[in-house]
Structure formats: C-alpha cells, structure tokens
Amino acid sequence: MTVGYDEEIPFEQVRAHNKPDDAWCAIHGHVYDVTKFASVHPGGDIILLAAGKEATVLYETYHVRGVSDAVLRKYRIGKLPDGQGGANEKEKRTLSGLSSASYYTWNSDFYRVMRERVVARLKERGKARRGGYELWIKAFLLLVGFWSSLYWMCTLDPSFGAILAAMSLGVFAAFVGTCIQHDGNHGAFAQSRWVNKVAGWTLDMIGASGMTWEFQHVLGHHPYTNLIEEENGLQKVSGKKMDTKLADQESDPDVFSTYPMMRLHPWHQKRWYHRFQHIYGPFIFGFMTINKVVTQDVGVVLRKRLFQIDAECRYASPMYVARFWIMKALTVLYMVALPCYMQGPWHGLKLFAIAHFTCGEVLATMFIVNHIIEGVSYASKDAVKGTMAPPKTMHGVTPMNNTRKEVEAEASKSGAVVKSVPLDDWAVVQCQTSVNWSVGSWFWNHFSGGLNHQIEHHLFPGLSHETYYHIQDVFQSTCAEYGVPYQHEPSLWTAYWKMLEHLRQLGNEETHESWQRAA
C-alpha cells in the first residue's frame, strides 16, 4: 500500500494489520509499516509485538538512545486522524474525546532526563546495556541446577529425596524464569538477538510459553501497570459479556488475572471471601505457574487472544503455533512422562505438582510485593485522565495520585527546588505503581533477577538486570528532583508482610463507589 506521510489512517485500519507478515503500528500519532523492518530489526522480531497496536510505550522504553529520524521516515506510511490519535470508538467514549492514542502524556522532561543520566552512568562505569559475564555464569549454574534437580527427582526415593529434588527443581525453574528468560524475552540478556531468543526459550524449557508471556508481561503488565481497563472492569463487576473487538491492550493481566478468586484492585467488586485473602492468598500463589502451563497458554494459542490483548502477531503464524505445541510436548515428556515412568504414575504426578507449586510460590512472592503493597497507586484509564469523579480514599488502598508520597510531591512543587511533572506522565505512573526492596544490593539484584529494582526495570525493560544496582541512585535522586514517588522497602521480608497486610485491607474495604454504581 502506497500512502503519504500526511494521509490519515483510521486506527481500526491499523488494528487490522496485526499479522507477522502484515504489521502496522501507531507511535505518537504516526502510522508505520514495520513488516519488512522486522527481519533486520536490531532487536529481532520483538518488534512484531507492536503489530496492530498503539506502540508508543514499547517504542519509548526499548530505545534508550533514541531512533534516527531517517529510519522512522523510511517506514512511516501515514498519521492517525485528528481527534482519534489511535483511539477506537470505545476509547473515544471512555476518554471523553481526548486526542491521545494512549492515556499517558509524554511532554515532561522527567523521562528524557532520566534516560540521559542512566546512559551517562553506564558509560561512566563501562557497563553494557545488555549482557555481561555475570549473567552468563549465573545462567550456566541455574541450568545445571535445573537439569540436575530433574535427574535427582527421577532417581531418588520418591517418599523423601525425590520430594526435596522436586522442590529444588521448582526453585531453579523460578530463577531460570527471573534471571534468564525474563531478560531474554525483553531483549536484554545479550547483544545478539538470536541469543536473546534462545534465552527467552528457557521459559518453554521449564513448561510455560515464552510467546504467551510476551503478551501477558511485555504488552499487558509493563505499559499498563496496576491499571484496569474500564470496559474490562465493568465486565468483571457486572458479569456482562464484553465484545472482544472493542477491547484493547490497556490493562494489566499480570496483576489482576486472579479475580474473582482474589481482589487486588479497589475497583473490583468485593466478595465475602475476600476478607480472608491475606490468609489463603499465599497458598493460591503456588498455583500461578501450573495454571499458566496447563490452561492459560493453551487457551491463548487456541483463541489467539490473552484477555483483551490480541495475539495474532504471533499465533497467526503456523511456524509459531508449531513451535508452541512442540515445546509443550517436549516438556510433558521430560517433566511429566519421565518422572511417571521412573517413579510410577502417582509419584510422578505428585513430584510434578510439588515442583510447580514451589516455582509458583517463589515467583509470586518476589513479584506481587512489587505492585500490591501499601503506597502503590491503582486506577482505571478514566481515573488517570481525570475524566471520572475523584476516587474516594480508602484506608490502606490508594487510588492514583492519592498516596502520601504523591500528595507530598504535589505539595512540594510550589517550591523552587522540585520541578513540575504531570502525574499522568508515563514514567511517573510507573513509579507510582511499583515498589523496590533491598535497593542497591548486588546479592538481591542477582538473586531476584532484578525484581528488587522494579522501578528501574519498568522504566528501562530493555536493560539487563545486571545494570540495575549501578543506576539505582540515579533513579532515586532524579525522582526526588522531580517530586516523583520512589518507594522502597528495606528487605523482601518487610515488603512481604506489608503485602499481606495490604491484601487484608483490600479484602475488607468496600468496593470503589464508581464500580458500585456500574454494577
């Protein structure tokens, strides 16, 4: 299709070009055809995740040094209509006609200055943005630990030794996930896009699907942390079926996919059993990975959709679908069939369940404390833009722009020291919705795969987690300079207990008044 730079292309037309061999995307109101660029893209085919989507967040966060205007012009084919800005009819309704394709603003200096300072710090310390010998050593040790644990699980006494080996397998699988595949599927494990792809495949090795994880984490959680889509939220509260054609990717499936079993957002309708979620929640966390492996992954490849996120950019390709099923079959062979053959069916299935429960518990513990804890913000799309009535403050539950640190930051802006930055700035929202723990610690940074530096990771997902403790002080000082919240807890254990208390508060507070009306 030949079009000019100024030709208007409706977003619904962009949405239709969502296949690996026909990929359009929208960035800052301009439309690009990246189909041919994907084969030569320095980051590999991760660019295809943008197919058919509003991709400003992906573009900004994965290009720390920026992109040449000449490259952008080469693939630009038009612009979004004025007043639409990438929004479909449903978005225009919920955003009250706002012109932005996404509900974030990008006009402040905060993120630009942060990028410049981070790049300068890494250059000063001689650290590459991706890769590093520490990652390779750790990856080798983790893979040896994973396969050794699997071997011992299949050969030791199933009544004791094999159980310990299964728990060990779960722990190593969790850290393969946080320390190898996480960086790999973010394009941050190595400079080589092929090495990153192999690192990303280690998630398939432990039983889950790296491609499904991309939709859940890269397209869902990272751009829209702790935010719930209005239409999606209304569906969950009222029980009314939502037309998936009207749904976009603007929601956080990583955090809120446990509803109604758990209430992790103040906009969700409260059920009677939520008052006990701080008690049963830690047990539920253990089922996180087995649910993903057995049900979620398969559902996504069959429906070509993860909740409200379109998955055609991967699963419209027979090659990707074949890879999915081949990897699933292989993991069933060595993680289920082999233990059942060596230890007997009952013991084999028991050991598989123990391994996954352990893996889920470790992963959920280190992940949930970063986003579900007192002090973080929650919001719907409308609340971020202020088109909804100001949210009611609830004890222990903090809607967007209403945490103590945010209020103090706003108050301090009247002075001459702190620079002003809008609270709906994308980078600010990431700081509002994330929490660090054990900051600056080399040990915890490596042990958790960088999850303890969650704010740094969310603003720069394309950086290797090996770099986070080198740039942590840059983040903290820049946030203070701009009056942006930077919440950090002294340890994982402190964060964990605060998370449990926050679960108790969420389970006992009344449903946010706007959702009560909607229901």
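Placed from the backbone N, Cα and C atoms, the Cβ positions cover glycine too.
What Swiss-Prot records for 6-81 is domain 'Cytochrome b5 heme-binding', and it gives sequence analysis as the kind of evidence. The annotation heme binding site is assigned in Swiss-Prot to His41, His63 on the grounds of sequence analysis. What Swiss-Prot records for 135-155, 160-180, 282-302, 324-344, 349-369 is transmembrane segment. Residues or ranges marked as motif 'Histidine box-1' by Swiss-Prot: 182-186. What Swiss-Prot records for 217-222 is motif 'Histidine box-2', and it gives a curator's inference as the kind of evidence. The motif 'Histidine box-3' annotation in Swiss-Prot covers 454-458 and is backed by a curator's inference.
Sequence-distant neighbours of the transmembrane segment (135-155) (same chain, 6+ residues past either end, Cβ-Cβ under 8 Å): 161-162, 165-166, 168-169, 172-173, 175-176, 179-180, 183, 189-190, 199, 202, 205-206, 334-335, 338-339, 342-343, 351, 355, 446, 464, 466. For His63 (heme binding site), the count of additional Cβ atoms within 10 Å of its Cβ stands at 13 [all protein chains shown]. Mapped onto DSSP helix, strand and coil, the domain 'Cytochrome b5 heme-binding' (6-81) counts 29 helix, 19 strand, 28 coil. When pLDDT is averaged over the domain 'Cytochrome b5 heme-binding' (6-81), the result is 89.
The Cβ of His41 (heme binding site) has Val34, Ile47, Arg193 as same-chain neighbours under 8 Å, each 6 or more residues away in sequence.
A Cβ distance under 8 Å defines the sequence-distant neighbours of the transmembrane segment (160-180), meaning residues of its chain 6+ beyond its ends; these are 135, 138-139, 142-143, 145-146, 149-150, 152-154, 189, 199, 202-203, 205-208, 289, 343, 347, 351-352, 354-363, 366, 446-451, 465. Counting residues 6+ beyond its ends, the transmembrane segment (349-369) has Cβ neighbours under 8 Å at 153, 158, 162-163, 165-167, 169-171, 173-175, 177-178, 206-207, 254-255, 282, 285-290, 293, 335-336, 339-340, 343, 435, 437, 448, 451-452, 489, 492, 495-496, 498-499 in the same chain. Within the chain carrying the motif 'Histidine box-3' (454-458), a Cβ under 8 angstroms from the stretch's Cβ atoms is held by residues 222, 225, 370-371, 430-431, 434-436, 465, 468, 471-472, 475, 486, all 6 or more beyond its ends. Across the range of the motif 'Histidine box-2' (217-222), the DSSP-based residue counts are 5 helix, 0 strand, 1 coil.
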